[in-house]
Amino acid sequence: MLLMVVSMACVGLFLVQRAGPHMGGQDKPFLSAWPSAVVPRGGHVTLRCHYRHRFNNFMLYKEDRIHVPIFHGRIFQEGFNMSPVTTAHAGNYTCRGSHPHSPTGWSAPSNPMVIMVTGNHRKPSLLAHPGPLVKSGERVILQCWSDIMFEHFFLHREWISKDPSRLVGQIHDGVSKANFSIGSMMRALAGTYRCYGSVTHTPYQLSAPSDPLDIVVTGLYEKPSLSAQPGPKVQAGESVTLSCSSRSSYDMYHLSREGGAHERRLPAVRKVNRTFQADFPLGPATHGGTYRCFGSFRHSPYEWSDPSDPLLVSVTGNPSSSWPSPTEPSSKSGNLRHLHILIGTSVVKIPFTILLFFLLHRWCSNKKKCCCNGPRACREQK
C-alpha cells in the first residue's frame, strides 16, 4: 500500500513538472490578425491571442512588450477590434494569454506579429515576367517598381495571413524596384497579388497598394478546343465568334490573345451533345490574331487547364491580319482621304498658276515694246 502511494505521488510530481512549463508561461501562444495584418489607413483589424484554443482573456503589447496607451491595464476577451487604424498602430505586437492555474497567471509572450498600415505614399506598379499565366512548375518574376525612391518593397497575396515578402529596393535609371521570384509555380502560389513600398524611417507605414495582379497556374487539366464561326478567315467587316468547348465540366472559360493585356471570361453552358461551351463574340471591329482558351472550375478560379491549340484569326484581303478599331481609320480610308485633299489643292493651284503666267507674259510683252520704241514711247505709255 505504501509503495502504491509513493508511486502515485511520483507520477503526480512528474505531471506537475511537465505542466509547469506550459502553464507557467513557457509554451508560447500566437497572435493573429483578421482579415489581414496589412491594413489600409482608416480600416479595421481584429487581433486574437491563441493557445490551442482561443484565450478567454489576453493582454496586448507593442514594440518590446511595452503597453500601447490604449491597451494599458486592459484585459481583452475573445478579440480586440482596432478601428479606425492610423499610422500610430503600425509596428510589432505580442500577446499574453491568461492561465488560471499557472503561477504567474499569464502565458509567455507570443512571437511578434507586424501590423502594416497602408496608404501613406503613392502606389507602385506590379508586373509579371514573362506573364501572369504561368504553367505549373515554371518560374515567374513579380516586379514591383516606382519612381518614388522606396528603400523596401513588400509583396502580399490577398487572403493570406502570413507576413508579406520583403525585399530591398534597387535603384536603376531613376526607378526603384524589386524582383520577387517564384521558382516553381504551384496551386498554393496562385492568387491575387499586390505590392507596396516603404521608406527607412517608417518601415511599417506602407504606400497605397499597387493595382491587383492575378497570377494563374495553368496546365492542371486537359485542354479544351477552340474554333471560329463562320471560320478563322473572314471578310473585312464581318463578325466572328470563337467557341471554346470541352467534355470536361468546366464552370468558366477564359479567352486570351497573344500580345493582349487582358483575358475575357464567360461561364460555360452545357450543350445537348454533352459538351460544355462558351461563345465569345468578337464582332466586326475587334482585332485578329492568335487566340487560345482555358477552362477552370468555380472552386479554384486561379487554377486553369492546359491551353487549347492556338487559333489564328485573320481578315482576308487585309495584309495586317487585323480589323481596324472603330476609332481608328483604316489605311485604305486614310489614303483616299489624303488623295481627296491632294486633288482639291491641285484644283485651286492650277487656275492660279495659269492666271499668274498670263499676267507675267503680258507685262513682259509691254516692256519689250517699250524698249523697242525708245524712252519717249515708254514715258508716254506710263
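Just so you know, glycine gets a Cβ as well, placed from its N, Cα and C.
According to Swiss-Prot, the signal peptide annotation covers 1-21, on the basis of similarity to another entry.
Annotation comment: Swiss-Prot describes 22-340 as topological domain 'Extracellular'.
If you take every residue in the domain 'Ig-like C2-type 1' (42-102) and average the pLDDT, you get 80. The feature domain 'Ig-like C2-type 1' is assigned by Swiss-Prot to 42-102.
Look at Swiss-Prot and you will find C49-C95 (among others) tagged as disulfide bond. Classification of C49 (disulfide bond) by DSSP places it within a strand.
Per Swiss-Prot, the feature N-linked glycosylation site maps to N92 (among others). According to DSSP, N92 (N-linked glycosylation site) is assigned to a strand segment.
What Swiss-Prot lists as domain 'Ig-like C2-type 2' is 137-202. Secondary structure of the domain 'Ig-like C2-type 2' (137-202) per DSSP (helix as H, G, I; strand as E, B; remaining residues coil): 3 helix, 36 strand, 27 coil.
Counting only residues at least six positions away in the same chain, the Cβ atoms of P124, S125, L126, F153, L155, K177, A178, F180, C195, Y196, G197, S210 sit under 8 Å from the Cβ of C144 (disulfide bond). The feature disulfide bond is assigned by Swiss-Prot to C144-C195 (among others).
If you draw a 10 Å sphere around the CB of N179 (N-linked glycosylation site), it holds 14 other CB atoms from the protein chains shown. Per Swiss-Prot, the feature N-linked glycosylation site maps to N179 (among others).
The domain 'Ig-like C2-type 3' feature in Swiss-Prot is assigned to 237-300. The domain 'Ig-like C2-type 3' (237-300): residue composition by secondary structure is 0 helix, 34 strand, 30 coil, according to DSSP.
Look at Swiss-Prot and you will find C244-C293 (among others) tagged as disulfide bond. Listed in sequence order, P224, L226, L242, C244, Y253, H254, L255, S256, F280, P307, S308 are the same-chain residues six or more apart from C293 (disulfide bond) with CB atoms under 8 A from its CB.
Sequence-distant contacts (6 or more apart, same chain, Cβ under 8 Å) of N273 (N-linked glycosylation site) do not exist in this structure. Among the features that Swiss-Prot reports, N-linked glycosylation site is placed at N273 (among others).
According to Swiss-Prot, the transmembrane segment annotation covers 341-360, on the basis of sequence analysis.
The annotation topological domain 'Cytoplasmic' is assigned in Swiss-Prot to 361-382 on the grounds of sequence analysis.
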Tertiary neighbours of C95 (disulfide bond) (same chain, Cβ under 8 Å, six or more apart): P29, L31, L47, C49, F58, M59, L60, Y61, P109, S110
Cβ-Cβ neighbours of C244 (disulfide bond) (radius 10 Å): 26
Long-range Cβ environment of N92 (N-linked glycosylation site), under 8 Å and at least 6 residues apart: K62, E63, P112, M113, V114
Cβ atoms near C49 (disulfide bond) (within 10 Å, other residues, all chains): 28
